[in-house]
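Peer 1: Could you have a look at this structure, given as structure tokens, before my questions?
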Amino acid sequence: MSEIVSVSGGPTKPEIIAVSLSKLGLKDGDRFADVGCGTGSVSIEAARIARNLTIYAIDARKEALLATETNFKNFGIENARILAGEASDILGSEKTIDSIDCAFVGGTKNIGSILAKLVEKKARSIVVNAVRIETVVRTIEAMKSLDIFDEVIHVAVSRSFPIAGETMFKPENPVYIVVGKKQS
């Protein structure tokens, strides 16, 4: 099994990916945007859940794009486009991406604009991961203004490690998972 090539700030922890993807409700054949893709680890797991997924991995950081490209190659992810630039610009172009079914947002720069573009692209579900309270508040406000806010989940994971012949837990940084769903 290949190891994920990492970048600063990533990859997203497996437990966070599991909860985030469960909230997305991916279906076979979906068009999936991974905004602020980092290492591409969320896309890799998404591809394991839904067959024939079309992936749009978006990031402005060169190191992230290179890591994603390497990880996609190592994990056999073929039906993916890696897109360089600001997500709000890329999502705003009809030529680049015509529609999106589900989106994971790991990078939260310009979150209001990104969410608006995803709604324009007809995304039925959007999940945003955030670690800062201010980002959570901005995300909730933006989702409410777009009439897509569903819920926020606070996830705190601790990992065991040995100490003095016994086991202790060390907490990871908590993550807020903000969920938006298209209202029927």
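Placed from the backbone N, Cα and C atoms, the Cβ positions cover glycine too.
Quick paste from Swiss-Prot:
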type    : residues                                               : note
BINDING : THR12, GLY36, CYS37, GLY38, THR39, GLY40, ASP59, ALA87 : S-adenosyl-L-methionine binding site
Peer 1: Fewest other C-beta atoms within 10 angstroms of its own C-beta: which of the binding-site residues THR12, THR39 fits that?
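Peer 2: Each of the binding-site residues THR12, THR39 was scored; lowest Cβ tally within 10 Å is THR12.
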Peer 1: Across all the protein chains here, work out how many other Cβ atoms are within 10 Å of the Cβ of ALA87 (S-adenosyl-L-methionine binding site).
Peer 2: 28
Peer 1: Enter the number of other CB atoms within 10 angstroms of the CB of GLY40 (S-adenosyl-L-methionine binding site).
Peer 2: 33
Peer 1: Please report the three-state DSSP label of CYS37 (S-adenosyl-L-methionine binding site).
Peer 2: coil
